[in-house]
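Heads up: the structure comes next, in structure tokens.
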Amino acid sequence: MEALLVINAGSSSLKFQIFGIATAGLERQVRAKLDGIATQPRLKATAADGTELINRRLDATAVPDLPEALSVARDWLATLRGFDLRAIGHRVVHGGPDYVRPVLIETTVLDRLASYQDLAPLHQPNNLAPIRLAMDIKPDVPQVACFDTAFHRGRTEHTDCYALPRTFYEQGVRRYGFHGISYEYIAGRLREVAPEVARGRVIVAHLGSGASMCALKDGRSVETTMGFTALDGLPMGTRPGQLDPGVVLHLLTDQGMSAQAVSDLLYHRSGLKGLSGISNDMRELLGSDDPRASFAIDHFVHRCALDAGMLAAALGGLDAFVFTAGIGENSAPIRARVSEGLAWLGAELDPAANDAGASVISKAGSRVALHVMPTDEELMIARHTLAIIRAR
């Protein structure tokens, strides 16, 4: 079977999926994840019919980092039979000012993407590592990069810019926005299952270890909460979200911190983890009776409500609100509390539907429809990859 491999590489996990190329379109064949890199690594994979292919705990010393995780994944993939690999698609967080749509990866493209590593140090190096590996071991297999920033690139300049001298915008200092692959998938899925909603004013909340929200009008990005980097906007697992730049100046000058120390603070020691002093995992915080956990959750929900108001203003009102990603799809308590913050816009939560994990969790008469919709970034990447190799 002709197939595509889709890779989504992070610092602590590696997700990869195989899609068969059929006459009717793409058919998911294998879904795999190697998580707990360097701590409690485990490789799990299932076939399309749900059959477990592997569920193996690995020695942490054998998988201390992403390069070793990639080697483990490569070796396991080599045991699979019946797939004729036609292309590899990758999630790449930052496309900078140059890439506004998915692109076939060549050496010059890879070099350009590497130049954006300082803009996404938590993600970009990990995104590029499997590309380099595949270039070495499968040089004849085309690779495609799909960017989290691309979905937002159609916005107006006055929306994208910062109030800095124009030369900075021309040098690429602008509000890029992220999680675009997820938002693109949700926008397309809404057109399929709720076309009247898709044509309206929609806020999508991608709430996971990384979190942001996006305002959609007729399926297009109008405004989003993240900006130049994936530090901005909502508080996240280990990132602070919106922060007065004066705080950074204070840390550098008055506190005497180095730029690297500030970067480590903002990317690894802030957010839910920093506020609570307990964990970056919302599930753990919700299960804790420690007041610091409640404090972190309160802050997260407060910021969600504030940013939803900003996005509703950008849309001129609100017709629907969609929860997606790890927290959005799975945490009924967080959905309930965020929905409370939307009551002034006309959102009325149906608690029973919310607790049951229904796809629509608003009451029948709610002015704002509340939806829960699983995202599928890997499928979106596979679609773009297939389109590009067919157009060659």
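In case you wondered, yes, glycine gets a Cβ from its N, Cα and C as well.
According to Swiss-Prot, the protein carries these features:
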ACT_SITE  D148  active site, proton donor/acceptor
BINDING   N8, E377  Mg(2+) binding site
BINDING   K15, H206, L207, G208, S209, G210, D281, M282, R283, G326, I327, G328, E329, N330  ATP binding site
BINDING   R91  substrate binding site
SITE      H179  site 'Transition state stabilizer'
SITE      R239  site 'Transition state stabilizer'
Q: Name the secondary structure element type, per DSSP in three states, that contains N8 (Mg(2+) binding site).
A: strand
Q. How big is the gap, in Å, between the Cα of D148 (active site, proton donor/acceptor) and that of I327 (ATP binding site), rounded to a whole number?
A. 19
Q: State the count of C-beta atoms found within 10 angstroms of the C-beta of E377 (Mg(2+) binding site), not counting that atom itself.
A: 23
Q | Nearest recorded site to E377 (Mg(2+) binding site) by CA-CA distance, among binding-site residues K15, R283, E329 | A | K15
Q) Fewest other CB within 10 angstroms, which one of the recorded positions K15, R91, H179, R283? A) R283
Q: Let me know how many other Cβ atoms fall within 10 Å of the Cβ of I327 (ATP binding site).
A: 24
Q. In whole Å, how far is the residue listed as 'substrate binding site' from R239 (site 'Transition state stabilizer') when you measure between their Cα atoms?
A. 20
(Q) Quick check: of the recorded positions listed here (N8, R91, H179), which one has the Cα closest to that of L207 (ATP binding site)? (A) H179
Q: By Cβ count within 10 Å, point out the most packed of the binding-site residues listed: N8, S209.
A: N8
**Q.** Cβ neighbours of E329 (ATP binding site) where a neighbour is any other Cβ within 10 Å
**A.** 17
Q. In terms of DSSP three-state secondary structure, what is the assignment for I327 (ATP binding site)?
A. helix
